[in-house]
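First up is the structure itself, then whatever we jot down about it.
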Amino acid sequence: MKILVDENMPYARELFSRLGEVKAVPGRPIPVAELDDADALMVRSVTKVNEALLGGKSIKFVGTATAGTDHVDEAWLKQAGVGFSAAPGCNAIAVVEYVFSALLMLAERDGFALSDRTVGIVGVGNVGARLQARLEALGIRTLLCDPPRADRGDEGDFRSLDELVQEADILTFHTPLYKEGPYKTLHLADEALIGRLKPGTILINACRGPVVDNTALLARLNAGQSLSVVLDVWEGEPDLNVALLEKIDIGTSHIAGYTLEGKARGTTQVFEAYSTFIGRAQKVALDTLLPAPEFGRITLHGPLDQPTLKRLAHLVYDVRRDDAPLRKVAGIPGEFDKLRKNYLERREWSSLYVMCDDASAATLLHKLGFNAVHHPAH
């Protein structure tokens, strides 16, 4: 059995070799000749999976180690009788911590308390729901917009996008990309919406590039109206609008979900799905794969305030480390993908062991995802 895996999927070789012969290949473009005698294909979001790629091939199963699936023609796979699995939620924690890293940086730079701000979350799935929980643990007011969930009658106080634009100081997008239909998200932030944003609004897009109209956003920024903008995703990736990058506060190369834990979850989820598909079901414990974190333990004295949270969060991940490299190479062909391929190891907050002498700090840090324990001072 021959299994093709994207060369940038961590732990793919060691896991899938338990099931058959593994060949690691580039994801963009996939070397088509390798598909002729392969049984399964494991990809990431850079690979377009459709009839053009797989028609007439022997592939019986496709796995994508990503939460999003807009790069996969699921209808064609189903019609062709090809098994399929994605990895929903695999990198949700990573994206939430990316958003926090950016917000804590902007709050320090501009001198505001996050607790004084209202955050509008557009798309309340795996990422949006976790972001809401962590913000609310800090006492930060959130407004939720998720029309599909509202229409299904899901529990929650769902508002219209218009209400979020009017009331929120921070607007962050966490939707899938739907190009048409009743829940279309293509250019959800269109020229009209971007024009209605209050001066000083923070706009964050860490889901899919085309959810925000990049041309309209640049036009508003060029008009000199104050917005703070954080973009991890771009229209036309791997190309991006360099003029837009120059105008925004934080710009990164579609890496918000790129923690070691998130990538490992993506790989293990599709590995488990494929092992079940071929009747050899296996489970993998994530911590058996991950290396020891960079920091052993941190001791925290006293309660948790915003500057302390920022220091802890940025000890694990400071978003600025990914902003600078993109600005250096923006517009040079091939460099966007190279930044993603050669991405520096990044961990999640759970990798940081924090000993707190203040019980409330330990409880709060634990709610926020840190590995925190209360250890009273003697």
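Don't overthink the numbers, they just go from 1 along the chain as shown.
The backbone N, Cα and C atoms fix where each Cβ goes, and this holds for glycine too.
Note that this is a predicted model, so its numbers are computed, not measured.
According to Swiss-Prot, the residue from THR66, THR268, THR276 that belongs to the substrate site alongside SER45, TYR258 is THR66. Of the listed candidates (ASP146, ASP151, ASP287, ASP305), Swiss-Prot assigns ASP146 to the same NAD(+) site as THR175, ASP232, GLY257. Between the CA atoms of THR66 (substrate binding site) and HIS254 (active site, proton donor) there is a gap of 12 Å, rounded to the nearest whole number. Residue pair SER45 (substrate binding site) / THR175 (NAD(+) binding site) shows a Cα separation of 15 Å. Inclusion criterion for the recorded positions ASP146, THR175, ASP232, GLU237: a C-alpha placed within 10 angstroms of the C-alpha of HIS254 (active site, proton donor); this criterion is met by ASP232, GLU237.
In sequence order, the binding-site residues near ARG208 (active site) (Cα within 10 Å of its Cα) are THR175, ASP232, drawn from ASP146, THR175, ASP232, GLY257. Listed in sequence order, the residues of the same chain lying 6 or more apart from THR175 (NAD(+) binding site) and placing their CB within less than 8 Å of its CB are VAL122, GLY123, GLY125, THR185, LEU188, CYS207, ARG208, VAL211.
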